[in-house]
Every structure is written in C-alpha cells, then in structure tokens.
Amino acid sequence: MAASELYTKFARVWIPDPEEVWKSAELLKDYKPGDKVLLLHLEEGKDLEYHLDPKTKELPHLRNPDILVGENDLTALSYLHEPAVLHNLRVRFIDSKLIYTYCGIVLVAINPYEQLPIYGEDIINAYSGQNMGDMDPHIFAVAEEAYKQMARDERNQSIIVSGESGAGKTVSAKYAMRYFATVSGSASEANVEEKVLASNPIMESIGNAKTTRNDNSSRFGKYIEIGFDKRYRIIGANMRTYLLEKSRVVFQAEEERNYHIFYQLCASAKLPEFKMLRLGNADNFNYTKQGGSPVIEGVDDAKEMAHTRQACTLLGISESHQMGIFRILAGILHLGNVGFTSRDADSCTIPPKHEPLCIFCELMGVDYEEMCHWLCHRKLATATETYIKPISKLQATNARDALAKHIYAKLFNWIVDNVNQALHSAVKQHSFIGVLDIYGFETFEINSFEQFCINYANEKLQQQFNMHVFKLEQEEYMKEQIPWTLIDFYDNQPCINLIESKLGILDLLDEECKMPKGTDDTWAQKLYNTHLNKCALFEKPRLSNKAFIIQHFADKVEYQCEGFLEKNKDTVFEEQIKVLKSSKFKMLPELFQDDEKAISPTSATSSGRTPLTRTPAKPTKGRPGQMAKEHKKTVGHQFRNSLHLLMETLNATTPHYVRCIKPNDFKFPFTFDEKRAVQQLRACGVLETIRISAAGFPSRWTYQEFFSRYRVLMKQKDVLSDRKQTCKNVLEKLILDKDKYQFGKTKIFFRAGQVAYLEKLRADKLRAACIRIQKTIRGWLLRKKYLRMRKAAITMQRYVRGYQARCYAKFLRRTKAATIIQKYWRMYVVRRRYKIRRAATIVLQSYLRGFLARNRYRKILREHKAVIIQKRVRGWLARTHYKRSMHAIIYLQCCFRRMMAKRELKKLKIEARSVERYKKLHIGMENKIMQLQRKVDEQNKDYKCLVEKLTNLEGIYNSETEKLRSDLERLQLSEEEAKVATGRVLSLQEEIAKLRKDLEQTRSEKKCIEEHADRYKQETEQLVSNLKEENTLLKQEKEALNHRIVQQAKEMTETMEKKLVEETKQLELDLNDERLRYQNLLNEFSRLEERYDDLKEEMTLMVHVPKPGHKRTDSTHSSNESEYIFSSEIAEMEDIPSRTEEPSEKKVPLDMSLFLKLQKRVTELEQEKQVMQDELDRKEEQVLRSKAKEEERPQIRGAELEYESLKRQELESENKKLKNELNELRKALSEKSAPEVTAPGAPAYRVLMEQLTSVSEELDVRKEEVLILRSQLVSQKEAIQPKDDKNTMTDSTILLEDVQKMKDKGEIAQAYIGLKETNRSSALDYHELNEDGELWLVYEGLKQANRLLESQLQSQKRSHENEAEALRGEIQSLKEENNRQQQLLAQNLQLPPEARIEASLQHEITRLTNENLDLMEQLEKQDKTVRKLKKQLKVFAKKIGELEVGQMENISPGQIIDEPIRPVNIPRKEKDFQGMLEYKKEDEQKLVKNLILELKPRGVAVNLIPGLPAYILFMCVRHADYLNDDQKVRSLLTSTINSIKKVLKKRGDDFETVSFWLSNTCRFLHCLKQYSGEEGFMKHNTSRQNEHCLTNFDLAEYRQVLSDLAIQIYQQLVRVLENILQPMIVSGMLEHETIQGVSGVKPTGLRKRTSSIADEGTYTLDSILRQLNSFHSVMCQHGMDPELIKQVVKQMFYIIGAITLNNLLLRKDMCSWSKGMQIRYNVSQLEEWLRDKNLMNSGAKETLEPLIQAAQLLQVKKKTDDDAEAICSMCNALTTAQIVKVLNLYTPVNEFEERVSVSFIRTIQMRLRDRKDSPQLLMDAKHIFPVTFPFNPSSLALETIQIPASLGLGFISRV
C-alpha cells in the first residue's frame, strides 16, 4: 500500500537518536509524496522537523500498535525492524520484569543482575510436557523442546548459548542442565544427574575468573553432551573444551583475577592437609596479585574450595589425586615467584638455593639443579650438532611463564578427561543433548589473537544459524504450499573463506610460524600482499602497518598483529618438559604423555654473538628428516580442527539457540542501556533473524483466527459458510497489492506491516461505529429531554404567571399598611439592638484586649527563643559549610595534583620510549595502560556503588532476620500459652464438676438461708426507707453492672469459643501436617523400592551368564518378608535364603555408595515410620479412651426410660412386620403361582395353607410356653439372689429383649423347625428331652435370659453407685456453699450500711453468674442427650432395615415356587454357615493368582457385589484364625499384600485397576477392624457379626501395613488421575472458548506457529466433565467409601485449579479480561458438577478459590486506589507474587483497553508488603493432600456371601 495511507496524522514513528538510539514521535500532519520534511511531535512534548534523506528518501520506521507491544515473540510484531525489537525488549524487561523473549527460534535472555524466583522445582514441573509456544518464554521451555524432540524424532539435539562475558551464558547453560537432570530422573540420589551438575563447580573453579565485566566469567568454551538411554534418562555426559585463556595464568589486568582455584587454595592454606603446599596470602604470589583485586565481594573462597573438593569426591576423583592437583597448582604459584638475575645482556642466572624454586622442585618432585639450569638455558639443534645457549632475563621470564601456562593447560585437560571418565556410563548411549556455552562476538579497543579466534567461531556459528533459520522458513512455506521465493540473507561464507581457506589468514599465520625468522611484522605484510584490495572484507588501517580489519557479520573489527605468532605457536622449551617428565611425583608425568609428538625441537632463531656450548648431535632413528616434519600443531590449527568437529556435531543435531544480552555494563538490576543492547542484538544474530522473517511473511493467521479477529471489517453478504473463501474475498478488497499476502493450506501469510494496517482499519471501523452509536443515542436522549422540559416549562409558566398577578395585587394592598408598621417597629428594633450590641461590645473588648496582650507576650517570648535557636543553627550550618568546602578544596587539589602527575608520567613515558629497542618491545603499551587505567577508575566507581548497595542489603537482611527471630519467639510463647490454656480448661472442667456436686447441698440448705435473708431484710427495711434516694442511684448502678456482667460473660463465652475453634483448627492442621509427612515418607519408601527394583533389573541385565541354581525372589516379596513379620521364629527361618544370596549379589558391579545410601535411607524411613506409628497408635488410644469416657457417663433417668420404651416399641413393630410379611407371602403365592397350582381348590395350595396355619399356631403356643418358663426362672432367681426392684427391668421388657436376641440369631420359626428336624434325625441325641425338643429350647432361652439379667443388674448397680457418688458430691458442695453464705451474712452484718449494700450487690452478681453457668451446663447436657438419642434412632432404623432385608432373603417367594409338582415344603436352612472359607495351604498361590493377579476389575465391578475380593480374603483369614494357624495367616496376608503391589506395578497406569484395588484394600482394612474384637470397632455390629470376630490373633500390625498400602495406592491413583487430566486441563480450562465470541484473537509468533507437537484434537470443558463423570462412576461402581471419594474429588479439583493457575501465571496471552470471564464460567460448570454429585461439602470448591480470585482479578477495574484496596481484600487466596505477576502479564485484547500502569502495581505491592505469605510464584501441582480412611463397617453378613463360579475358586469351600 502507498506510504500516504500509512503515514497519516497521529501515526507514530521511530527516529534515530544519539542517546536513546531510537526515539518515538507522532506525525502532526499527513505525509504526501514529495515532502522533504515531516512535522513530528516527540513524547517529551517538543515539536520537531524531521528532514528526509534526499538520496534515499527513506521514511522513518513505523511504530507497532500498542496491542502488539510486549509480545512474547518478536516475530509476532507487525513491523519488524530494529527499533520495534528494542522497544519490545525494553518494555518486557523494565515494565514487566520479564527477562526472556522469543525471536523466532531464538530465545533472547537479558541478564537481570538479580536473583529471580523462576527456576524452582515448581517452574520445572509447570514447563515439563508443555509445548514451547504455549508457555511464556523461558530457558526451561527451550530445554523441554529439545528433550521432547529428542524423544519424538529420535534425533540428537543441541542448545547453543552465546553472548558477551557477563551476559549470563554459564547460568543459562547450568539451568538447562538442571532441567534435564530433573525431568529425566530423580535429582535426589547420588547418580549421574548429580554428577553432571557437580561438574559445574569444578569447571568454574579451574576455568572461570573475575574480569572487569563479570565476577564469574568463563574463560573457555565448552560443549557438554548429556547422554540418555532408551527410556530417555540421563546415563552419562561428556565435555569438550575450547580455547582456554592460558595467558591469564601469568598475567591479569587491573581489577581482574587469575582463575578462582588459585585464590581458593590460598584461602584454604591454613588447613592441615595444605601445610605441605607452603601457601599463604594471594598477595604473596606474582601470578595472583597483578590485578590488585584478590577478593570478590560476597564470595568466600574457602567455602568455594570446600564445594570444589566435595564435587571432586562426588565425581570419583580420589583424595590422592585431589592433593596431586593442588600440589601442581601450588607449584605453578611458586614458579611465578622465581626471579632471575642478569649477568649480561644475553644471559641470566637464578640465585643459589632460591626458595620459590626449591619449593617448586620439591612439590613437583624434580631435581633443583637441572630445573635451575634449563630455566636459564635452551638447547638449539641443527642437522649435525646441538648447542646449549644461555638466554636473557626477559627470555627466561617468558620461558618460565610459558612453562606455567603449559602445565596449567595440561592439568586443565587432565581434569576434564577425569570428569568425562566419571560421567561416562557403561550403558549404551541412545541419544544426547548438547549444551554449547561459548563466547559471543567480541570487539575491544585492542583486539588480539583471542578475539580473532572467538569471532572466527562466531562466524561459523552464525552461518549455521542463518542456514537453520532459512531452512525452517522454507519448510513452513512448503508445508503450506505457497509460492517459494528466495529470501536474501547475509551469507558470511566469504568471511569464513578469508579466515580458513588456503592462503587465508590462519594458513598464512601457520606458515609464518614455521619460518625460522618469522615475526608479526612479516606476517602482516604477507596479509596485505595477499588480501588487500582483493577481498572486500579485508582492510588495512590508515595509520598502522601492524594491524588489519575484518568485516564480520556483526561489525568491523581491527586486530593488532602483535603477539599473534607467539600465541599461535605457544612455544615451550622441550628440555623443561623433559625435566618435569622425569619427576618422582607420579601424577606429573601423566600430564605430558602426549608431548613427545606435540613438542618440536627448537631451532636456531638468530646468529648473534652469544657464546654457545657445542655437543655432538645424537643420531635420530627412523627416516631422515623425521624430526623436522614432526612439527607441533599450532593453536590456530587445533582450534580450526576442533571447530570443524563442533560444527559437524551441531549439523548432525537439531539446534536450539539462546542469545544472552547484557543490559548494562554496571551490573545494575533491571537497568536497560539501549546502546549496549543494540550492539549485542546486532552481534548475536537476533536482528538477522528479524531481517529474514521480515523478508518473507512473518505474520501468519489461521483462517478461523483471521475471521474471528476481522469479522467487523466484513459485510453480511461477504460471510460465506466456507471460512477460507470468505477470508480470501475480504482480503482482496482490503489489501489491493496481492504480493502482500499469500493463502496457504491452513494459514494466511502476511508481509511485514500488513497486520498493523489491518489493525488500523479495524480500529478505525470500531471507532467510527462507536462514534455513530454515541451520536445517535446522545441526540435521541437530548431531544427527549428537551421536549419533556419544554412541556413542563409551559405548564409551570402558566401557573406561575397567574399566581404572580394575584400576589402582586395582594402586595400592593399590604404595602401601605406594612410601611407604617415597619417605621415604628424598625425604630424599636434598632434602639434595642444598639443597646445589646453596646453592652456586648464592651464585654468583648475587655476579653479581647486581655487575650491580645497575652498573645503579644507569648509572641515576644517565642521570638526571643527563636533568635537563640537560629543563632545556634546558623553557627552549626556555617561550620558545616566550611568543613564541606575544605573537603572539596582538598579533593580538587588532589585531582589537580593527580592530573599534573599523570602529565609528568606521560612525559616520562615519552622519554622512556625514546630507546629504539624498548619502543619495539613495548609498542602500544601506553594506550593499553591508559585504557586499563580508565577502566580501573570506572571499576572503582562501580565497586563503591556495589559496596554501598551491599551495605544497604546487609542492613535490610539483619532487620529481616531480627523480625523473623521475634516472630519465632512470639509463636513459641503463643504455643506455650496454648498449652497452659489447655491445662486451665481441664482444671475448669474439674471445678465445674465440683460445683455441680455443691449445688444439691446448697439447695438443701436453701430454707435456712432464706430465713437468714428474711431476718436480714427486716433489719434493712428501716435503713432502706431512710436511704431511698441513694438506693435509687445504687439500683441504676446495679443495672449498669448487671448489663456489664452479661456483656462480659457474653464476650468471655465468645472468646472461649473462638479460642476453642482456633485450637481445634491448629490441632487439625498439625494432624494433617503429621499425616502428610508420614504419607510422604511412605511415598519416598515406595519410590526407593521401585528404584531398588530398577537397579536390580539393571544388574540382572549386566550379568550375562547367570550361575546355575541361583534364583532371586521378587523384591517386593523380600521387602515385605523383612518388614511385616509378626512371628520371630518364622522370620529367622525365612531370612536364611536371603542371607545366602548376599555373596552372589556382591559379585554384580554395583555402585556401593548408592547402595549404602539407599540402605541408610530405608533404615531411617523405617525408624521414622515406627515413631510415627507409635504416635498414631497413642493418639488413637486417646481418642478411643475419650469416646469410652463419654459413653460411660451416666445418662439421665428419663432418657433411659425413653430408650427402653423405644426398644420395646421396636420389637413390637418387628413382630407386627413378621405377621404382615407372612400375610403378604400368602397373597403373593395366591397371585403369582400358576393357575392350576394356586387355585383355591388345588391340592398343592391346600397343603401349603394347612402347613403355614399349623406352623403359625405352633409358633404362638411355643411363645406362650417360653414366656411362662422364663417368668418362673426369673422368680426363682429373685428368691435365691434378691435384688433391688429399682435396678431390675420389667419382665415384659426382658422377654421382649430375649425374643429380640433370638431374632438376631435367626427366625424363631426356622429355629424351631430346624430343632424339630434334628430331633427326628437323631433319636439318641442328649438334647432330646421330650418328643420335639421343646424343653431344650426353653432351657437355652432361660440360660440366655439369665446372662442378660446378670449383665443388666451389673450395669444398673454401676449406674446406681455412680449416681449415689454424684449425689454425695452435690451434698458436700451444698454444705460448703451454706457455710460460705453464713460467713458472708455474718460479715455483712458487721459492715457499715454503704459497704453492706455493696457486698449484697456483689453477692447478687456472683449468684446470678453461677445460675447462668448452671443453666448453660444444663443446656449443653440436654443438647448432648438429644444428639445421642438421634444417633440411637438412626441405629435402630438401620437395624430395622437390615431385619427387613433378612426376612425377605430367608423367606422368598422363589423358594416356594421352585417345585410346583411335588408337595410344597417350608424352606429350611440346611446348614448354618459361619462366614469362613476353607482352603488348603498349597492352594494359596492359586487363590492369590485367581483372586488378585488375574482378576479383571471391570467384570467383578459390574456383575458382583462391591468389595467381594476383600470379603473372600478376610473369610479365608478368619478360617486360618479359627484353626489357630499362625503361619497360614502370615503367609496369606503377606502374599496378598505382595500380589496387590505386583498388580499395581504391572497395571499401575490403569485407573480402573488402581481404583478397584484401593476400594478392596480399604474394605479389607475395615473388615480387619470390624471383626478385630476391639470395642471401638464393634459398636455397629450385629450379634451375629460379633460372633465372627477373630479369636486367636491380633492383626493390628497388619492393619497398619494395609493402611500404608492403601496410602500408596491412593497416591498412585492420584498420579494416574493427574496423568489423565493434565493434557485436558490447559486446553479445556484456558484455551477452549466455552463462551463463543467473547475473546478476540491476537497475532502469534513463530514459536506458536511451529510447535514441536502437532495438535492432536483439542480438549474442551465437556471433555473434563466427561472424564470426571467417568472417574466418579468407576469409583462408585467399585464401592469406594464415600469419604474417600470426596478426598479423591478434592484432589482432582486441586490439580485442575493448580495447573490452570500455573499456566495462567506463565502465559501472557491468557491474562485478559475476556479470558477471566471464560475461566469464571468454566469454574461455575465445575461447581455445578459438584452440586449434581452432592459433593459440595468435600472441600473441592475451596481448592478452586485461587483460580476464581485470579479470574476476578482479570475482570476487575485496575486504576484507582480504591481498586487497589478492593483487589487486596478480594485476593486473599493468592500470594503477593501471584497478584503482581497477573497484573504484570495483563494484556488488553483490544487497543481501546488500557494496560495496568506500573504505579498501580507498585501501589498493590505497597499495600501487600505486610502480608506474610509464601514467596513462591506457582502452586505445587504435585501436592497430595493427606488421606484418611474413616472406619466404615459393612452391614453385609459374611455367612450370606456366595462365591461365583466365574472367579475360578472351586478349590475353596464355605464353612
């Protein structure tokens, strides 16, 4: 489109600025073609005329719309150019505090110079498994993308981290490796992950140093390959290093340090093991004191040394090798102190017994004389002879330094090799991810060989980067099938050819190094001759013949030739190396094993007059000329080869790029220097990426996104059903130039600037629509208002005018009369007013004059005092000003003298350089020194600033520490007060009980007290009549006091209630914490078990040929055998096989440190588990004891009577029900039988009816007989053992209870018939006392009645004794109260009248308070009674239901109809089952296999009763308990537990399986409790169920084991739930638009476009709800406890809320008003689901509260202070960090909405600064709430359970 359409009035542009690089401005008028000047308005308020370049006529860059500013991806910007990139980075870095930004495939990381809480485990978990484009930019996102692509594409990956020194490369690489270590394995064990991370401290100590730009600068490049196995777990690593800066060993610039390891050694010199090294302060050594900055602020070198040694130990470097390393490093320091003395110009010597050299030789184990000789001489070899030549002092010093550098380089390589060996794994590497931490493009004022190599490496990397970006762009275009046009991008291959091709710079440098007399000057001339004017990228400086310029991809760089040859040759004298090789110190020769080939014999360099010593040359073996050919490889050649290998590796991998940016040179946190940032953006290739993107189609929209966003630009007739065609039609009308866009298969591609143009059209359309709507509505409203006002005005005018006329006439009449009256009245009023005012004025004047006089006095006094103060202050100010002026003058004098000294120094330097040889040697040193001096000054300033900041931070830290310490003490005091309060509550309860006892005594003596009161009243009546007025006042005071007492009592009650609630909550929290800790330990234990299994499998795989006869049981069996055995003898017997297996295990290659650590950890866990188990048992006993005490409290007599009557009514109703059921059976038989059988005249019918009638008659007769016999027995017992009638129950109640007892055992009719049949079958049975056994039946009934009566009498006796004791206590308390009252009366009679009245009032107050407390106690007692009665009613209702079910089961119509042909008999119970299952011991494995291992949960859950496997297992345990078979019980339980573990390990990812076994494990646990025989668990049992209790074994220990197993299964269930729900949550809760059309769509960047995972079908909220329904139905189907289902649902909702909120906090595109509305709607749907399932009280809704508040935060207004206050009060479930993060990320979808201002966010932070919450940003999505398993007894009778044939358990039988 034309420029005139874009450059219109109010359009915003960027113009160049020398200070800010780019400055924003706004057009004041439209641009027209041909204009030479643009009228601009700057943001600071100035107007500017911007002149266009007359040659290029280029217009300034357009600025992106505000809606695009702050995007995650720079390629999402519509206008892609340098100012847009710079502004976007600045907004994100400064305003939003976001340090990461995508630029296409590049992650741009800006160093914040501040610790940020964005690298924790929670952030790693949040990014794990996510697509890169879905989350906010982060180094973890790049690492996750690499990890995911490695697993998906089976291709190795690389992460290339580059940037300037101090930009954060090393930290970024470190966090990437930490991410891999966390997601690919457990980082808490001493395995490869820890070793990979442990290599960092070692490499930092030997390869990092302090520079002027960075305190921890890496002085080498490294490429770390992290190896993974087939399961993508870290198995090892390998490190390659590049271009170590060896010169730093011997030389450091000002304010810089040598490598950290030297200073760490010096700081640790006082350690005993380091005494032999003879080290001291770092200032004592030449190699560590040159920089003058031996200490780094905030770094403790001694502690760092300890970390380094610890890392070496972890990596397997032995103590002897560590000491060897330290010996060599100490030797290097002592070597640097070796001094030389000149004998003449060409020779030197070392003083005899020179101490530094002696120490060096002693540490290195070499001969002193030999080393002394070769440090001052060198050997020159020719073809025939060898010469030994002395060297000058300068040459000797250089040789010494070269030797030190060589030793350090060899030691560095040796350490790297050992680290690689430690990281190497025997397991075959399947794939790897490489992390390249390499120096970025460098340019300084003086650039040398190091900068040349660094920039050469960056040229190669930039070429590879350009090709990769180009390839990705091409793939995207081809994938979308759009016309492919070649993008023109910078190709730096010519620059690379200039450096590395034949006769290139490196080639000429190597050739010059081979020349005998080669120098830097000759090499420079060769460069000029070869490349000058032939290569456009090579230039020569105008004023120098010893430098050259290369045009790199980032900038032109001028290199000084001086030192190139020396650094490239890296010459070390061979004789010195031979001396070191002959060392007695074994480690030293290892460093030089490869030097025979590497070091060449030195050749003669000059033919001076130096005296030579001739020796015959030794003949060389092999071919002639071999020695001449075996030249040492130069540094440049080695670097080129290693760089080629690196590029081959990178080209074979998929690269990922991280570009680190240094925002400022002063290390100020969150300070952005635009100039420095632009330099680095140009150097690191970010702008090149932008240029490549801008050359193509950077903006890309799907058709649906485009339609949703720009629907407002379409007319109704343009909208078709085909979205693609609709978009095409609209675009052709909106953008006429078809080259500006392309239509792909799924996306529309736009050129740069087109999206901004479309946004402008959209905004204009919306703005015009808004204006039109506003215009119409305002016009209509105003016209309507005008017509209404006009009508009202006319009406009002009519009435007002008439009224005014009438009033005017009346006015005229009254005016005359009023005038006369007024005349006289005014005179009177004026006269009166005058008198009053005169009198008042006189009074006022008197007071005012006195007041003014006093004020004047005080003013004079104040002025006098002020003059004295001013005198003192002015004197002090004058003295202060004088001192400051003197200080400034002295400072100026110092500066001037320093300047003069510098000038003098400069003159001296000029004079010193007059000597020609000195000039050659030290050319260029002056400039360098001046430059370094300036840098030193700047560094000093920075250092002072940092010191001040550090002091402030230390002060803040100390204050915070004190504050936290005071808080801790306060909490401890509150805890002690809570304990004291608990004790007080107990004592108060005892006092209350005592007062209750005293109450009755007080009542009995009440009459006596009343008599005393009457007498007292008579005596006081006369006194009261005399003091009536005073009495009235006292009554008022009394009422006030009463009111106050009531109020205080109320407040006290409320306070106590609040305290009780708080203490209860605190106890619950403590219990939950303890439970969570215990369950976490269980989880850790199970994880260690799994780890042990994995290690065992690996060991098994590593053993190729197993020995015969060696067999290993499963780990789960062995672990449980050793842990859960309750029989010590059997445990000892079964431990024997495991002991015999130990020697075979030792032969397997295993990391013993890992094994011992695991063993120790397991032991600790077992001990902690035992302690926690004891605590849990103790707490449970306390709870049971308290419950028992509550139940044993004597009930009120009335409640007991009601209870007995209720039981009697229940039994009567049950009897009626039995009769009704019998009648119903008759009716059903008559209705449902076949016509021929059930007809009234049918024979079968008659027989059946006759039998039923006879049975019912017999039953009635037997009942009467039983009643008579029992009554006789009771009377006999009364005669023998007489009891008090009050303690016995009525006979009718006893008999009814006996009937009930018999009903509990079985139906009376069936019992009778069963006995009758038994008597018929065995005539000789001793039970047969008469014909049909009636007497035996009666005898059994009487025995049971006798037992029942005895138990009831004992209980009545106990209750009677308790009641008598209580009455005695009350009598005693009443007596005491009576005595106290008498004493009070006696005292009151002796008091004067006033005191007597006061005492009586006090007494009355005390009496009322006591009565109030008594009433409250009675109320509480009645409430408890009501609650207990309600509970009993529920129990009886449940029993009635069970009896009804039992009756229906025992007498069913089906039993009668089964055999219609033969005569119908009454169904009889052939056998009375005892609820046990019998099996043989050899069938145990078959039982476990069929019931657990091979059981399919789905078939069991659908067709059989819930929990059937648990019931079967328990019935088997009951039978083993019945047999008293210890071993069988133990074996069955252990096999059951191990089999469940095995099933869950095999099918642990299947929700149905885990849910099924969780339900059955809990049911099994409940059965063990229900039938344990313990009173606390037997309350809800029937008498029949109580008969099924275990008799021989106490399985409490196994209950704990099963509880632990249930906890582990629950945690596994939660993990399965999380794995299933996690892919759905983000898509369903955040991304899917549940409310269509609410949220707009914004343009996306390259990351969002090129996700590593293709869309697999989006999930919606309905998907989540369907999945929740599925989970709920499965759990209900499996019969899971309702309380457990609630806990599972609560955990599910917590996972949904946590993951949704975490993604919201990490995704800027989700933080908008419309998205808040979507989230709130989705949450309401989840709440509706909870209501439908009756789970609102499960606590699940509360877990969504943080998400709800985050959604509300997105929707509320965010401008004023009131809004800030509302936000702070509303968001109490969010932490301060989360609130601030949401506000920072808030992004308007439309440009009409304003962003959240920085001032508003600061206001929020100020208001929340006192809030004490977690600083953690993300919620812990892995958190699992502690689970509890409330006891849930089963009403199912064990004897009724049938074993289905489908289970294949025919080998077990019911007993």
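Glycine too: its Cβ is placed from the backbone N, Cα and C atoms.
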Annotation match for phosphoserine in Swiss-Prot, from S600, S1814: S600
Among ranges 22-44, 137-159, 643-665, whichever one Swiss-Prot labels region 'Actin-binding': 643-665
Listed range which Swiss-Prot flags as region 'Disordered', given the options 598-631, 1346-1379: 598-631
Sequence-distant neighbours of K169 (ATP binding site) in its chain (C-beta under 8 A, six or more apart): V161, S162, G163, S218, D437, I438, Y439, G440, C660
C-beta crowding around A167 (ATP binding site), within 10 angstroms: 25
Residues flanking the ATP site, with Cβ no more than 8 Å from the Cβ centroid of G163, E164, S165, G166, A167, G168, K169, T170 and excluding those residues themselves: N111, N214, S217, G440, C660, K662
Binding-site residues (G163, G166, G168), the one with most neighbouring Cβ atoms at 10 Å: G163
Neighbouring C-beta atoms (10 Å sphere around the C-beta of T1760 (phosphothreonine)): 11
Long-range Cβ environment of T170 (ATP binding site), under 8 Å and at least 6 residues apart: E204, N208, N216, S218, D437
K169 (ATP binding site): secondary structure state under DSSP, collapsed to three categories: helix
For the domain 'IQ 3' (814-836), residues assigned helix / strand / coil by DSSP: 23 helix, 0 strand, 0 coil
Tertiary neighbours of E164 (ATP binding site) (same chain, Cβ under 8 Å, six or more apart): R213, G440, E442, C660, K662, Q680
Pairwise CA distance, G168 (ATP binding site) versus T1760 (phosphothreonine), rounded so that it is a whole Å: 39
Within the domain 'IQ 6' (885-914), residues counted as helix, strand or coil by DSSP: 28 helix, 0 strand, 2 coil
Lowest local Cβ density among S165, T1032, which the record lists as recorded positions, within 10 Å: T1032
Helix, strand and coil totals (DSSP H, G, I; E, B; other) for the domain 'Myosin N-terminal SH3-like' (8-60): 0 helix, 24 strand, 29 coil
Taken over the domain 'Dilute' (1534-1810), the model's mean pLDDT: 86
Alpha-carbon distance [T1032 (phosphothreonine); G166 (ATP binding site)] in Å: 88
Nearest-integer angstrom distance between the alpha carbons (Cα) of T1032 (phosphothreonine) and T1760 (phosphothreonine): 58
